[in-house]
Each structure stands twice: as C-alpha cells, then as structure tokens.
C-alpha cells in the first residue's frame, strides 16, 4: 500500500483499516489485499485513487501505477457518473454508512465492464476520511439478463401477434399476464389487468367453473390439460372458446390458451341450415348426387337417383373399396382403370375441382353405366374445405349413340383418307373445317395450319381476291359457277408454287348453314404426260418430215454422185478430174448431212453390236482431250459392273463427240466436262409420266459441263433439227437432233437438265442387252470395181424417179450387167413375165401406184422364187429388212458409190440359196 495511505491514518487513530495497516499484521493485510479475487479500491475524499489491487487492474486493463492518483470519475461510464458521485458525496458526508451500486467502468481498451461496487468509510479520522470499495465483476450476469430480456421481448411480440388468447394465471384464478388477443376476447383493458380486476370466476359463467377445476387438476397431474370448450362472459355476452392449460412452477401458475369459436360456431349453424336446404334440393335433382362433410369419407350421403343408378345405399362409408359398399367392380376413365383414391368425391374433399370427366362403371353381371362427373369442394367463409359434393349424369345412351356415330365417321374417314383425291370442307364464310391427308400431301400444309383459316390461302391471285365475293354472291343469288360443275382451276402450295387441279364442289346444309365440300385432283402429272405426248408426237412428226426431206435429197445426191463417178471414170485431163473430185466430195458431205437428218428421224442404218460403254469411254477420253483443248478438263467415270448394251458403237461415239463439242462451245472460258456411265433402272412410275419410255434396265451415259446453261424455253426445243443458238454459220442445229434420233432408234431415252450459270447435263439411257453373245463377221475384203464386174446377168431395175433410174441403169451397164428398167411395180412385173432370164430385182422401196418395193418383192418371189432381191432407199433400213420378212433380201442406202453398188450386187448374186 502507498505511503500516503499510511500517513492518512496515524497510529493513534482507532479502528478500521488504518489500524490494520499500521499493525504488526501489515504484511498479512498486504498479501490479502493483492491476492483477493474481488477488486478493492481505496479512494480519498477528493475522489482520487489511493490504491487498487490486482483484480481491479485485471478488470480494467490498466497497470497499478496508471490508476493510482487518477480521479475515479475518469473510469466511470458517463451515464452512471451522476448517480455514483451523488452516493459518494452522501457517504463522505456520513449521511449514509455505505452504499451498493451496479455501474459500468471504462476499460483501457475502450470497452465497458459491468461491476457491482460496495463502498464504506475506511477511516474514523474525520480529517482524513477515505472510501474502501469492493468491486465485483457482473459482466456475465448482465449478459445473461440481456439475453433473457431479448427472449422475453420476442415471446411478448409473438404472444401479442397471434390471434389466440394467452395468459398467466395463479392458482386462485387471478390473471397475472395476458396478451392483447385475450383482453379483446374478454372485453377488458390493460389497466384492468394491472389493477388486478381480471379473475376467472368473474369472466366465466357459473356452470363452466367445474370444467375449469377439472382442467386445473389435469394440468397439475400431467403438466398439460386436454382441450375443452367453455364460454366466457364479455359485457354480458356469452363467447364460445376452446381452452388448453399448462402447469408452470409446479402447479402454482398456469399458462392458458384460449381460441375464440364465435365465427366457427356461426359457420356451423349456417352450414347446418344450408345442409337442410341442400339435402332437399339434392333429393329432387335430376342427376345422381353424392355429398359429405367428412374428410375421411366415413359418412357419405347419396340421393335416390344415385342409389338406384349404381345400386348403392343412401348412406355409405367410403374409406376404401374393400368394405363391399360398392356394387360395381371396375371403373375406367379415358380407357384406363382408375383406383378408388381417384374418385371425384375423394378428390373434391381434398380441394380439387373435377369438371366433365367421363367414367365407366362395370358391374359383375356385365352391366355398364357411363357417367359424366362434376365434383367440387364445399368451403366455409374463410375458404376452408368443409365438405364435398359430386354429381353425375347418366350418359350411357348418349355414349352408345356416339360410338355408333364414331364408327360410321371412322368408316367414312377411312374411305375419304384412302381416295387419291384431296378432300376439303369449308363453311359458308370460307373457313376450312376439314383437310384430308391427301390435301395435306397436295398443298404441303399440315391440317392444323389450314383448319380455321380461309380457303383463299390455297388459291393464287386473282382467284384469292375474288373468292370471298363469289361466295357472298352465291349465298345471295344462288348463282353457281363451280358448285356441281367440275372444272380446271389453279391451286397454290405452301411453298408458293402454283399447280393445275380439277375441282368438283358439292354443297349441303347443316343447321341452316351452307357447307361446301371440294374434291381436288392434281393435274400436274396428267398435264405433264399430255405435254410429253404432244412433244413426242411433235418430234415424231418432225422426224417423218426430215426423213422425207432426206429421202428426196438422197435421190438427188444419188444422181449427182453417180454421174460424177461415171464422169470421173471417163475424163483423162487432170484439171477436169480435180473439178469432178471436188464436186464429188461436196456431194458426199451433203450425204453426211442427210445421214444426220435420218438419224433424227430414226431412219439411219445402224449396225448394233454388244458394246461395253466403259471400254468405249476409255478409248474416247484421250481423243476428247485433244479435240476439246487444254481449257477443258475431261473427266470420266464408269461402274466396274456396267451392263452391256446393243448399240452401234460408232454412232454412240458420234453422239458423245457431238455432246462434248456442244459442251466446249458452252464453256467459252474453259471448264470441266464429266462423262459418267452407270447402271440405272427406270421404274414404271417414271414410264407412266413419259409415254415414250419403257420401264426396265438401262445403262445411263451422262455428259455434264460447267458452261452457261440453257433457259427452259431453249431446253424444250434443243432436240429439234436445225434449231441452234449459235451464230449463223457456226452450227447446223443437227448435233443434238442426231443424238436424239440415235438414242430413240436404239430403243433408249434421252433427257436434258440445265441451270443458267451452272451448266448442262444430257442423259442417254441405253437399254441393257438381252444377250451376252455377239456375232462376229469378217470384214469385207477390199476389192476394186473391175474385180466386181458382172457377167451379163439380167437385172430388173425399178425406180420411180426417172433421173435416178437413168443414172443407175448407166452405172449397171458400165458394170457389165444387162439392164431392164421400170418406173413402178406393175411395169416391173410385166417385164418379169417377158424376160425369164432376169436374175436380180433391184428396186426402190417407196414408189407411187400403190405397190411398194416390199409388195413388188413378194410378187416376184411368188412368181420366180429363185430371183434375188436388192432394196434401195433414201430412208434408213427398210421395215421389211428390220422385221425379217425377207430373210435373203439385202439393202443399199442412197446415195451409194459405184464400188458399193458393184460389191452389193455381186454379193447378192453370188449368195447360195438356203
């Protein structure tokens, strides 16, 4: 302890701490002072700290030397200083012997410390009084009290917020605490509560006091009572309540909870009244009705109609189906069996609304009842479910009628869906009401995209805009333009494409409203077939025409070439011979032109052989690369298992070469030429769309370029002879027509596909050969005219063209034959009868007078069977030879050279009779 303290309490002073300090036991006091667990402070009369022990230093966080000499006010919380200073002054004035106070100290850390200080005077000397204060740390207690206060505040908040009355009452029935809900329930105020004017016996009717006593006894025995109903008095009014008690403090205090039942009791009374009305109404209703107020369906009532319909009692229990209360064994909804917990009444009692559900009830005896169910929960004013009601209409007869009608509709729908014609039904406003599967396929719309919309969406302009006015005019005037009259109109698909269709419209009245049914047949394929047929007929007619032209031209070339050859044999002057040779070569070029015309008309002579197109392309590609030049890339591809075809290989080469040259001309800046060969099969459906095509197996040869392409109008005329898009002098217009004629004559099919700016593809379909054997003929030996001269044999020459006849007779005479000539068949037969020495008939095929070369040959063979026959024609190989009617007949195409004439006549005369 400090020396100041010792000086303040002289040894002569009596009693108190000073005496102890100056006593021989001073060391013991100092030890106790420093080691005691409670804080000790010594404060002089001026309020300065004389000494503190270690407990105070620990509590405040100061060192002892930091506290001694300081005013004790500095460590007191500002809010507590007035009280503390007042008590300290009273103590120092000896107005009070001591004081005890709870206050807060300010710690060195800035925190506060709750303490309880007990202070008394420690010296009897009136000149030097000082205080001795015992300081106890009560921080933890204060914290626990704060927690408890917060908990009590929360509890109070909850109790004040809940709508249930809550009180604390002593054993004598005095209400100690009550929330607002309870005070409102009994009609009392908070002032009445605080004044002790709230007692159970004052707010409880006498007849309910015994019930309260029983509840108190039960709570004392078990800690809590059962809930029970009673009444409270509120300003003379009886209020029904539901109570529950809990024992607190070993039965000396009770917590009571009270629920106001006024609204519930009123609802029950109103519900009972309504129930009576409901039952009367339900009993007379024309539908089957079930109702309940039991959430577990232990008590369900049914009206008489429900009881009779399903053979049920008027009152039944439906907790489950095992009770045997239900007479039917199975129930179905939407074709699926339904468990009992899905019954409409059970779902309604759980709060669900059931609307227009169709149920089937099957009985053990095989009877079936169809019901249309509706069910609803019954609710009180607060919305709480208090019951449920279900009503059902017997629709057994209706369902049977609907089933019959649906079966009829299904049969009709099946018929209508299988017919190829599209079927559309519309209302008198033009709204689509049905749209068949064929209609969907035809127009490209799904039924959902069309039904409910105006039929005009399926029409192109101007029909679309005019349709509404036509319908309106028809409904007003009855004027028919389409109804009952089939006609060809245009339709528009979803993709915007317009197509021709045949439309037949029927009409029927339903409920006073007009309904129109349209049957639609797509004419696209039909018109395409008709167009293809017309094109084929056109090409056939053009072929006939060009063949006739070529025939007449060949007759002229026969005269020219024949005379030039004879003239060439007679001339010796080289200059004259050069002129004749040049004229002959020019005439031969003309003969090549007629061959192209005959090729288009399918009248050129062919020498068909079994041909491997892949091998032929392999031989041609190097030639094509040299012919087309470096700016054109040539590619080729063939299937390894390519079928053989029976065609004239040289004509096929010519056709491919023609196509390649046309492709090069279309690729002015170079490009790519692709030739492909593969096996293909043309189906019957394709053949039906192209009348000139036979279904079967083909080898497809496709020639594709990357040139400028052709518009549609050019494609339609591309195969016509003399049609060309090249400049004058750049092309004859016979290249594609020759290809067309060759393919057709070979029994095949040719198509053209082109896109502007992308290129063109020509596809040649050549029939697969029926045999794999190929006859081989030795090539004719090269022989001069002199070696083939006649030995004076008599030849009957028949030619209707006088100039050709004269020239041919002269050539035969020069070849050493005796010539008898006639202009027609009858004249030839007359000569035959007069000259039995005739060995050879050399006749033109086409002659006037009604007798063709074939007719003449048959007449000659009938009279003179040993007479040989040789045909000639400006057309291609005659039908008689192609049909094999004259197996020994030979044929010579005009124009022909003297060498060809000499060799053929010699071969015919030298042939051995079979």
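Cβ coordinates come from backbone N, Cα and C, glycine included.
Record features, source TrEMBL:
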DOMAIN    25-95  domain 'PAS'
DOMAIN    99-150  domain 'PAC'
DOMAIN    151-193  domain 'PAS'
DOMAIN    355-407  domain 'PAC'
DOMAIN    408-478  domain 'PAS'
DOMAIN    548-770  domain 'Histidine kinase'
DOMAIN    794-909  domain 'Response regulatory'
MOD_RES   844  4-aspartylphosphate
Message: Applying a 10 Å Cβ distance cut-off over all chains shown, what neighbour count does residue 844 (4-aspartylphosphate) have?
response: 26
- request: With a Cβ cut-off under 8 Å, give me the same-chain residues at least six positions beyond the ends of the domain 'PAS' (151-193) that come close to it.
  value: 199-201, 203, 216, 232-235, 239, 241, 248, 251-260
- prompt: For the domain 'PAS' (408-478), DSSP counts of helix, strand and coil?
  reply: 41 helix, 12 strand, 18 coil
Average pLDDT across the domain 'PAC' (355-407), rounded to a whole number: 86
